[in-house]
Ligand code: NAD
């Protein structure tokens, strides 16, 4: 099996052929511009010193400073961070924001840390990468297991290291520390805008569409809520503890309340239990993977019956499954477009920090909506013109933009 980074580079190579991208550019994009490995020393509450391994990968900055989250997870690897950094370069170019691609990570299970240890880890990581990040250089953000609180600690530590308070060094901060209105809902909201435009271009609307959502965390639950408000019928939802189904559709507010009380969607009143595999195979208008990587694979893709797959998660469809979905005429709105609302509002946060402004939520949404809808239209027209799937089209469009920005 090829690695995540090899997969990412393969998709880049295929799309580069379609878009007729210069071979030298493809070579340059087939490896990150810089890979930084750091030791992250942390004194545990017991007084013992532990040294964790951390990474910052800077994939490409031709369009602007590197941008990408920091992941705290026991399975983080250099290969995974390289793949994620590559996706960020593509993602920022698809929505045409002037940023490049980067990503960071620390090999650690944060669930095993106390709050004080987590703070020391966060501060030690940003201090270790401080020489290579900065508001005009590389701007980290939250990713798996990193939160607004962690970004606040990092901005604070960066100020201590550099002697200068620069909130634009990280995004995804709390509002009090220079975060943006609308950031929490941004990924899901961006997905809703993209889906609205997708159906509009088919002469349809989101209202009345049936949807199954895998994952009920930040991306999945907010998406369920926003889509439900627009008249979509959410018939199935799952999280790591189980799944629920209701043919008549859920009240998302009641489901969220149930999740808050019991920490899972499982057992929600008036629903029946559904397995993860059965959820992926439901005959719905829209299937929304919003949890993990690699869930639609060659082992289950034949069962998928949805008309459209909206990839709110990063990398939920394997390359083999992607081919089958295209043959089955199932539209896949790829992660680099579907979940790009998050980085777009991160870009807004950075702009507000640099200009010392703070925008209202309405202002943020009014800027986000045309960016997401225009990107979908552009990707659709490339796909139609070249008879390729939306992922290839998104990559082709992004590669043209990145290539055009190559410094001479
Ligand atoms: P989260 O941790 O808030 O939620 C993840 C959800 O997935 C939880 O409900 C969890 O219970 C569920 N889950 C875990 N294992 C599962 C399983 N085996 N089956 C079904 N559900 C399972 O994370 P999130 O921020 O919502 O991110 C979800 C995905 O979206 C990730 O791939 C992430 O990279 C991507 N994403 C998120 C953002 C964002 O702004 N939150 C931005 C871009 C991409």
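If you go along the chain as it appears here, the first residue is 1 and each next one adds 1.
Placed from the backbone N, Cα and C atoms, the Cβ positions cover glycine too.
Features reported for this protein in TrEMBL:
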- 103: active site, proton donor (ACT_SITE)
- 67, 91, 346: substrate binding site (BINDING)
- 187, 218: NAD(+) binding site (BINDING)
- 143: site 'Important for catalysis' (SITE)
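Features per TrEMBL, on structure.
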| residue | record | contacts (Cβ under 8 Å, 6+ apart) |
| --- | --- | --- |
| 67 | substrate binding site | 88, 92, 99, 100, 101, 102, 138, 139, 141, 343, 346, 347, 350 |
| 91 | substrate binding site | 101, 335, 336, 337, 339, 340, 343, 398 |
| 103 | active site, proton donor | 56, 57, 59, 68, 69, 70, 71, 81, 82, 84, 85, 88, 143 |
| 187 | NAD(+) binding site | 218, 219, 222, 312, 339, 341, 342 |
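In this structure, of the binding-site residues 218, 346, the smallest number of CB atoms within 10 A of the CB marks 218. Secondary structure at residue 143 (site 'Important for catalysis'), taken from DSSP and collapsed to helix, strand or coil, is coil. Largest Cα-to-Cα span within the substrate-binding set 67, 91, 346: 13 Å. Using the Cβ center of 67, 91, 346 for substrate, the list of other same-chain residues with Cβ within 8 Å runs, in sequence order, 68, 88, 92, 97, 99, 101, 141, 340, 342, 343, 344, 347. Close contacts with ligand 1, defined as a Cβ under 6 Å from any of its atoms, occur at 218 among the binding-site residues 67, 218, 346. Its own atom aside, the Cβ of residue 143 (site 'Important for catalysis') has 21 Cβ atoms within 10 angstroms in the protein chains shown. Mapped onto three states, the DSSP output places residue 67 (substrate binding site) in strand.
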